[in-house]
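Visitor: So that we are looking at the same thing, I have put the structure below in structure tokens.
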Amino acid sequence: MNRLTTLPHLQRRYPLLQLAVLVLLVLEIGQRDADFSWADLFAPILLQASFLGIAAAGQTLVVLVGGLDFAIAAYIVAGDLLITHLVGNEHWNFAAAAALVAAICLAGGGFTGWVCHRFQLEPLVITLAMSSIVVGALVGTNTTLLNGSGPGWLQTFSQANAKTFGLPVPPIVAFWVVLAAVISIVLLRTPWGRALYLAGSGPRAAELAGVRTRRVWTGTYAASALLAGLAGVLLAGYSTGGDTNVGNTYLFPGLAAVIVGGTMMGGRGDYLRTCLGALIVTALNFLISVLDITSAGAQSIVFGALILLFVAFYGRERRLRDRV
Amino acid sequence: MTLLAVEALAKSFGPTKALRACTLELRAGEVHALMGENGSGKSTLVKILSGVHRPDAGRIALAGAAGAEPAPVAPRGPRAAIASGVATVFQEVQCVPAQSVLENLWLGVDGIVRRAKGSGAVPAGRRRERATEVLTRLLGACPDLDAPAGSLSLSERQAVAIGRSLLRDPRVLILDEATSALDVATRDRLFAACRELTGRGGSVLFISHRMDEVEQIADRVTVLRSGESVGTLERERADIDTLVRLMTGGEQLVARETRERAEPGAVLLAADGLDLRAGEIVGLAGLEGQGQDEYLRALRAKADAGTRVAAVARDRREESIFPPLSIRENFTAATLRRDARAGLISTGRARERFAAYRERLKIKIGRDSDPITTLSGGNQQKVVIARALAGDPQVLLLNDPTRGIDIGAKHDVYALLRDLAASGLAIVMLSTEVDEHLELMDRVLVFREGAPAAQLRRDELTRAALVTEFFGPAAEQDAESGPENTAGPQKASTARISEPAPTSFAARAARLAVERTWVVPAVLALALLIANVAAQHSFLEWHSWILTFAEVATPALAAMASTPAILGGGGGIDISIAPLFVFVSVVVEVMLLGNGIAGAAVVIPVAVLVGAAIGAVNGALVNYGRYQAVVATLCMNFILSGFALAYAPAPAAGTTGWLTSLGTTVAGIPGGLILLAVPLLAWFGLGRTPFVRTLCAVGGSETTAYTAGVNVPAVRTLGYALGGAIAGLAGLAITAQLHQAEADTGFVTPFILLAIAAVALGGTPLTGGRGSLFGSLLGAAVIFLVENLLGALHISSFWSQAVYGATLIAAVLFAARTARSGRSSR
């Protein structure tokens, strides 16, 4: 049993390395700023991280099932544009507009998962194509989509100094905590979530054990699109005027959050790890701005190097000789 | 004289001791058979001798070429083993379906870019001749050497794999159950070839389950049991009983049952040749690949809706376990809902349920939350059986459940199955061990040529009766066409690419589209070109051609740059190509032009070399660092974007004479055309070396290439480096077109998508192995032409984005369909 209690084993079970890095990052930011107050250190990090964390939730599910979703940016844009336009310009009811976003996301995502599984297509290519289709069709039908603004209450939802039930936590952060709890429970404690892990970690074994893997793929991609759409809706309060590039800010950093958190393709990881990943990525951004590195590129470089380092500790491929 | 000596070899995989102490002596001029039950360590020994695995302990000594005394060797890989004169044919048929028979035969002989030279090498001109010779010897007649290997029958493909080993002129030939895929005539010709090899002073290590084959060919027999060599016998002393006693350790596999078996109950499942009753154990027996596998699989679907059937699959790693998940999660996989309370799974309940089976099956584990991979094979299999039992089945279907597990675990499984049958469960069990049938089964169905051919009741079951039925009545034996026309397990896993002679025009067109991947995008591009001209007549004018080439150059070069990594397979995809060419353009603008270095003789090589170097880093991370390609290149994506932004926070402008003309015309030729021609010509030149062929072979079947002696990581890494070099050219193209370098992510991101989309549209499957740079160029042209056409029709650029997405899905679907229809035409 001694072998099992060594550090690598514990790391596989709990995201210790990630926790340590996060604590160090936050300490360093506070040190540099000489400010450890809630309002100036923790709340802003949590606020930024909540957007990233919500945007990366769908990617976590898709990576767990063994795929990749590069259409996340497009569904974020869809949520953002439709809410700002329909509520801001056309004075629709918010719920109706949100329902439309949900319908588009579920249809697009569900189709992606189904077609990838049915014809064994490369998810990378199909999600890229879906992303072109969704953004293209949306903006192509109505270019006035680009100048609306979100409803006022949604704007307070993501304000740094807003309170939730009297607590000094921005509502969106509280929302993120609740969402994380719900996703974690669904993933870890419901048959649906377990089926997702099974389909991801052994597709053929899952099929033989009676898991309907095509349904799992369809459902997972639909859920991913839906969560991305949700992130877009929330961003509508944050931004005025739609922007077709708003999603790109979250696509690669979102994937980075998933990987840094320790979720790897094929059933290893969970959403709480992604939350940690989102916090690390965000804290890193803060550190770079605190360090006063004027170069816009430094953040990217550190990201890339950090992911390489993290992945070196876990989740590398099997050796060629073990595949003979 | 001793040719190969193995001494006290040991090897463990995690908790499993595959080989404990193996000692073996191979004399020059002998055929030496190696026998043992499944899991006795035969395959591990073979993989060590062939350089795949390295032993934990022990020595291997190989005699020198000139009859020198055996000297210790430690092959560092298949290539080294083959070079030292040890060639291996594996049970799993190793061939690259999409490549020609000739290419398959000589795979691994050449270096990465240089053809094999030196005294022993066969000159290129003689290869066809030698190939014909070897295949004629094995197959009687030589098949078409230019036909794709995938179009051959299973037996012929195995002959190709054997031919590959024979062409290396080995001193030691290892046949690891290589005869199970061969028809009888081919097997006899192989034996003749073996005799010829031993006649020349070589020797053959022959592994087979078939006693008749061992009797026919072997001079001596060594028996392995639980990873130890337990004895070597001369042929005359190696009768079946002695061998079986050695293989099983003398003890009876299962304690002979004394108590009377209960009378079987009601019929639970009716299929052809079988009325399965409650409480009985039915064995499925036969030589490998006689249809028993398919029969067992089909049984599951034949049960009535009301009958609960559970199954345990054959391939534990691929079909049974979920490697990253815990023991408990592996156990509950088929019965998730049983632990749910109000929709939530209760861990306690799952643990409780598992504890019962843990005791009953004697599963030895620490905690049930440990990963399943920490268990030995036997305990893993017990967990899998527990999973099947957890659904309270009435019928249990088992496919060789004791394959590769140790003797203790086997006993536990047998005892359990007896108990289960006594309690009324009906069990159907496929087994490759004769003794299991003798000891365990109430009756046995023997399979020949795809169907149950005989049934033996318990009172008729003897070893002799069973083995006789394996081969059928003596009269039929001569006419037996062998396993050739019955689907074996390998057959299902190795794709048939196309029929040798398609007749209808449609079939021929489909085959062309499969073999020449660029045909479909070429037709598409041509149609779009005509549509463009129809919509906008000025498209044909010379000055618009110059613009077109300047505009197409960058995306087309980016697409071509992505291609080599994808061709190499293994999930190889380089999503850092777009940031790479942007980074190169920043290097050109900021570091070179910005510092007054403007000579073409400096700038062009620097651009290409920077690209190649970064591509090589990507390749090394993926192939030596074992990072997933998407992850490694995603990181590179970040790093390159970061450096580009750091050096050019705002677009950096500047140009110089030659760069400006590269954006328009050089000596009257469009610059874009020149830039596109360079990689195409370079690739064409590489096509004359072994590299392109080897890269595609690696992409088509990495295990085949690896065991044939190809340096797989080096070949793939070179592919990434070449892609990087082409990305360097793309960096020049974008600078020549825009006269500036822009590092903004909004500018870079669309190119990432574009490059990979163009590759897919160009007919190169992202799984690798087939495709061309030219196809990727055409794919990029198709995307450009679609956008241009929609622009000419005054349709918003956003719509054109949607159309291009839809085109991409249609193209990928089409490619998947043609590949499939090509495969399934039989």
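Every residue gets a Cβ built from N, Cα and C, even glycine.
The structure displayed is predicted, hence computed values, not measured ones.
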Visitor: Quick test of your reading of TrEMBL: among B:80-101, B:410-431, B:718-739, where does it put transmembrane segment?
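Guide: So the range that TrEMBL calls transmembrane segment is B:718-739.
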Visitor: When each of B:629-650, B:718-739, B:745-766, B:798-816 is checked against the transmembrane segment (B:662-684) for Cβ pairs under 8 Å, which one has the most?
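Guide: Ranked by Cβ pairs under 8 Å, first place goes to B:718-739.
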Visitor: Under 8 Å between C-beta atoms and at least six residues away from its ends: which parts of the chain pack against the transmembrane segment (B:575-594)?
Guide: 554, 557-558, 561-562, 602-603, 606-607, 610-611, 614-615, 618, 630, 633-634, 636-637, 640-641, 643-644, 647-648, 652-656, 659, 723-724, 727-728, 730-735, 740-743, 747-749, 751-752, 754-756
Visitor: Considering pairs 6 or more residues apart, do the transmembrane segment (B:600-622) and the transmembrane segment (B:798-816) have at least three CB pairs under 8 Å?
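Guide: Checked: the transmembrane segment (B:600-622) vs the transmembrane segment (B:798-816), no contact.
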Visitor: Of the listed stretches B:518-539, B:629-650, B:718-739, B:798-816, which one has the most C-beta pairs under 8 A with the transmembrane segment (B:773-792)?
Guide: B:518-539
Visitor: With Cβ distances under 8 Å as the criterion, find the stretch in B:518-539, B:629-650, B:718-739 that has the most pairs with the transmembrane segment (B:798-816).
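Guide: Ranking B:518-539, B:629-650, B:718-739 by Cβ pairs under 8 Å to the transmembrane segment (B:798-816) puts B:518-539 first.
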